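A quick write-up on the structure given underneath.
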Amino acid sequence: MEKFVIDGGVPLSGTVTPAGNKNAALPILAASVLTAAEVVIRNVPRIRDTEAMIELLELLGVTVDWRGEHEVALCAAGVTADAVVDPDVAEKIRASFLLAGPLLARFGAAVMPPPGGDVIGRRRLDPHLDAFRALGARDSIADGQIVLRAPVGGLRAGDVFMDEPSVMATENALMAAALTPGETIIGNAASEPHVQDLARMLVHMGARIIGIGSNVMRISGVAELGGCTHDVGPDHIEIGSFMAMAGMTGGELRIKDTDPGDLRMIMLVFERLGLHSELDGLDLLVPGGQDLAVARDHGGHTAKVQDGPWPQFPADLTSIAVALATQSRGQVLIHEWMFESRLFFTDKLVSMGANILIADPHRALVTGKTPLSAQRVESPDIRAGMAVLLAALCADGRTEIGNIRQIDRGYERIDERLRALGARIERVPIDGPSPVGAR
Ligand SMILES: CC(=O)N[C@H]1[C@@H](OP(=O)(O)OP(=O)(O)OC[C@H]2O[C@@H](n3ccc(=O)[nH]c3=O)[C@H](O)[C@@H]2O)O[C@H](CO)[C@@H](O)[C@@H]1O
Ligand SMILES: C=C(OP(=O)(O)O)C(=O)O
């Protein structure tokens, strides 16, 4: 067990390169199961969630060959119909359920243990099951696991209409449809950058997909998919986290090699919170020393930030937006529309001095700017952990953050990368000695 010890109050400045998108890498790794050919995946973030997915793949019989720090070659030629999804590893990540689509399509059956993931509210699996049913599969429960079976002769191309634009259900439906001959239509599909990235990989493997980036995709599936080499796109959630960090500490940051199309809504919403950023080619620049002030709506009305399915503001950045708002003059209502427990972590920011009123489980009214001071806090989930870390970086004094395994689930070597920007942060074993050089 480890904790972060942070001495705050230093502007973080310099250049940083974002890691590959966690939520793209996970389905892209799972898609390797769709083919017996080798797939090479580059720009894989080295985080705990991708480690867990790769462990699951190895336990299924996929050969895993790291060819570089972020490049892995996977070959699922040895996976058989009786391969088992390991329940102990599956419960570590929500994305373990992404193996359902590939296994069902390739072998006609999948036995799926309950997935894990962030405890941020109720997380339905119904859209996944609905999609598989629309392709002819049947499901039942045995020993707490979901058993999926394709009809004799395999899945049938069909008309899938999501009851909500679920990200992972769209990904499962896409993977299953790509290996099902005929045309499948997915309506009310999710279209997040990670969904698009997976769809592009499936095209490289031999499927034809029309409508990538929209909420209706038409997939011409094939009986056999081939190998490919695929680069995972940059993580827009990590980029948003770095932007907020620069704004909150007053530093100047250049974020390299972004995908500007993924940043439009994030830049717009952060601008509303007073944080200006601009593009320089593919790089995103956050100027230093900004005096943050929330922009009121026309007519002087209170500003609001609300998340939603893409291209709306990403749910995974709402915790970060709350942290940023604490350092911006004025008042803003943050409405986390999707997950009913995601805002509970704000009590940690309040304990550090933030002025946040929780109106109900989905709404927080943040009034800034308030000085923050150091505390001992736990990280309840990946993004709340990052929000608390951002608060610690601009707080006065020494903050200790426990349960940093949560942060490590989604952010690669975050302490090392923040140190390179000037942060005074150390990773120390729990009950270990005080870090050298820290105040
Ligand atoms: C591994 C991965 O990719 N995880 C992401 C994925 O999770 P995941 O795919 O599990 O999330 P879903 O898109 O299914 O949405 C999560 C929950 O939000 C609710 N919901 C969602 C859409 C909607 O239109 N109405 C609605 O009510 C549902 O209760 C649903 O269970 O997408 C979430 C929403 O972007 C992100 O927070 C997660 O980081
Ligand atoms: C909620 C998240 O991840 P997961 O769906 O894997 O729990 C996240 O990335 O913020």
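Positions of Cβ are set from backbone N, Cα and C atoms, glycine also.
Unlike curated records, TrEMBL annotations are generated automatically.
Feature annotation from TrEMBL assigns domain 'Enolpyruvate transferase' to 7-418. Marked as phosphoenolpyruvate binding site by TrEMBL: K22, N23. The annotation UDP-N-acetyl-alpha-D-glucosamine binding site is assigned in TrEMBL to R94, D316, M338. The active site, proton donor annotation in TrEMBL covers D118.
Distance between Cα atoms for K22 (phosphoenolpyruvate binding site) and D316 (UDP-N-acetyl-alpha-D-glucosamine binding site): 12 Å, as a whole number.
Spatially close to M338 (UDP-N-acetyl-alpha-D-glucosamine binding site) yet at least six residues away along the chain are G121, D307, G308, A315, judged by Cβ distances under 8 angstroms. Checking the recorded positions N23, R94, D118, D316, M338 against ligand 1 with a 6 Å cutoff on the Cβ atom leaves N23, R94, D316, M338, in sequence order.
Rounded to a whole number, the distance between the Cα atoms of R94 (UDP-N-acetyl-alpha-D-glucosamine binding site) and N23 (phosphoenolpyruvate binding site) is 10 Å. For the binding-site residues given as K22, R94, the lowest number of other CB atoms within 10 Å of the residue's CB is seen at R94. In the three-state DSSP scheme, M338 (UDP-N-acetyl-alpha-D-glucosamine binding site) falls into the coil class.
Listed in sequence order, N23, I237, I382, R383 are the same-chain residues at least 6 apart in sequence whose CB falls under 8 Å from the CB of D316 (UDP-N-acetyl-alpha-D-glucosamine binding site). Cα-Cα distance from the residue listed as 'active site, proton donor' to R94 (UDP-N-acetyl-alpha-D-glucosamine binding site): 7 Å (rounded to the nearest whole number). In three-state terms derived from DSSP, D118 (active site, proton donor) belongs to neither a helical nor a strand segment and is classed as coil.
The record assigns R94, D316, M338 to the UDP-N-acetyl-alpha-D-glucosamine binding site, and the maximum Cα to Cα distance across that set is 16 Å.
Counting every protein chain shown, 26 other Cβ atoms lie within 10 Å of the Cβ of N23 (phosphoenolpyruvate binding site). Packing around D118 (active site, proton donor) is summarised by its Cβ count: 20 other Cβ atoms lie within 10 angstroms of its Cβ, all protein chains included.
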